[in-house]
Amino acid sequence: MSPMIMATLTVFARLVSSQCAHTKLLRLMGRQPLFVGCDVGLVYGRSAMACMCTDHSYDYDFLVIGGGSGGLAAAKEAVGLGAKVAVLDYVTPSPVGTTWGLGGTCVNVGCIPKKLMHQAALLGEAIHEAATFGWQLNPKSVKIDWEALRTAVQNHVKSVNWVTRVELRTKKIEYFNALAHFKDAHTVVGITKKGEEKILTAKNILIAVGGRPKYPDIPGAIEYGISSDDIFSLERAPGKTLIIGAGYIGLECAGFLNGLGYDTTIIIRSVVLRGFDRQMATHIVEEMQQRGVKFNYESKLKKVSKQEDDRLLVDWIDKDGQIHQDVYDTVLFAIGRQSLTQELKPENIGLKLVPETGKIDAVNEQTNVPNIYAVGDVLYKKPELTPVAIQAGKLLARRLYGNSIEQMDYINVATTVFTPLEYGCVGLSEEAAIALHGEQEIEIFHAYYKPTEFFIPQKNVDRCYVKVIALRNGNETVLGMHFVGPNAGEVIQGFATAIKCGLTIPKLKSTVGIHPTVAEEFTRINITKRSGLDPKPQSCCS
Ligand code: FAD
């Protein structure tokens, strides 16, 4: 048999063995199937071979509730594999009335506007440094125009909303701007803005509804407070701002507001950056304090009220029970997020939620209702990050419609906190590594370093720090990598792949660095905490 015929037969065999082989074959032939999203059954049409679903009693093969990172990724993947897909997305206005378009949290009120405002703050810093490099400007006259920044950010967000809608139309994914709830396990009711009901049925349903910011149960919080849902589109400049909560969202907001020149204070009830490495969290906070962000520890907000001049009077209580008062222009709550699962009427289908959290404890993204799946921020004890939602959504669609068996791997997911001095990490924190393996079984390498670009403007290098946590014995497998410094996300991304590939300390040390970069500091690492040696840098290039 000729190699050409062999290759053709192999491709054909692969196609027919797959769930929607006939659909794929048609697409390969450049034709559209008459019916898509099939399980079994092959029908020969007039001019083209087409497949028909056994379950054509349903409107859709795959109905996605939530047009955010996870839902859209799953929908696009499923339609590409031949499924008939619809997406319902609806944004309930925030307490102060902020609303937004298609695309979910990340695009509208999360990663994207946040990164843009962080960039605006970094540029302000760069302008001040530029003078030391010889640029002839007067940094003292530089100030932010909030309206211009907000407009630029919102224009970008709206362009992404538009591209997303066009993409759904092009890919023939039906989109409904409607708030969904379950009628039964195969039927979803969508309520539009005008109050019209849309009843949609599907064989499989995906819950990808994400979450929204929580508000504390104290007087004035809902009336006068805002959250990350509002800050990126705030009509007026935020002015003097109080942020409640020191998770990554609270710290990032405080970081860019302070960088933009607004007086910023954070109130923290317990720990900063819960779940992250403690030492790294301390570095970040100290750096922020040095840059002017004020931190009120072990304090609890009691009341927010509006003064006659429209400014907000805030009462809080410290750890000794002492009441404090101050006046702010903006009070921003960043005390955590709640899942939007109650609104789905889970009781109508017997969907189990984890008490208190409202989250779904799915097994391989499948809920306790067999045809109902979940991805993204609604999942219990999974990283609440966009790439995690996207990857889980894509892999689920491939398993449902593409004959794949690949499961989502939630371990060693890298992330970055976009504070003024950024923090990127992947793998275990020092505390988690000790808890899992025992102090004697792990080795911690660490180093302070001086980024070359910090020398001329004489920027503070006290908290430029890297840490590598590894097993002490065997191959010395790397368990965690932590980086505080410029461009932390860019630095840590590559090392995350290395960890996936089983990075070991000898391999890391044998990697030749790129000089002069900040990422090379990982390859130069050789001082262990156990040795007690000084991790401060001796010189830049030895
Ligand atoms: P979402 O993106 O939230 O999408 C859910 C969608 O479903 C929303 O549009 C919602 O309105 C809609 N919906 C809810 N209920 C219904 C219903 N009943 N009917 C119809 N529609 C419904 N992640 C990162 O990876 N990097 C970052 O830098 C980052 N920064 C962030 C900064 C901030 C300020 C915030 C808040 C989040 C950030 N995240 C970041 C997290 C990231 O945004 C989320 O992990 C991600 O958006 C989760 O995707 P999802 O698909 O689960 O939900």
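Quick reminder: no glycine exception, Cβ is built from N, Cα and C everywhere.
For the NAD(+) site that TrEMBL gives as G245, A246, G247, Y248, I249, G250, L251, E252, the extra residue drawn from G321, G336, G350, G358 is G336.
Annotation in TrEMBL places C106 in a disulphide bond whose other cysteine, of C53, C111, is C111. Listed in sequence order, the residues of the same chain lying 6 or more apart from I249 (NAD(+) binding site) and placing their CB within less than 8 Å of its CB are S228, A334. Across all of the domain 'FAD/NAD(P)-binding' (60-393), the predicted model scores a mean pLDDT of 97. Counting only residues at least six positions away in the same chain, the Cβ atoms of I266, I267, I268, F333, A334, I335, G336 sit under 8 Å from the Cβ of G245 (NAD(+) binding site). In the structure shown, across all protein chains, K115 is the one of the recorded positions K115, H515 with the greatest number of other Cβ atoms within 10 Å. For L251 (NAD(+) binding site), applying a Cβ distance below 8 Å and a minimum sequence separation of six or more within one chain yields I266, V272, L273, I284, V285, M288, V417, T419. For the NAD(+) site, the Cβ centre of G245, A246, G247, Y248, I249, G250, L251, E252, G336 serves as reference, and the other residues of the chain with Cβ at most 8 Å from it are I243, C253, L273, A334.
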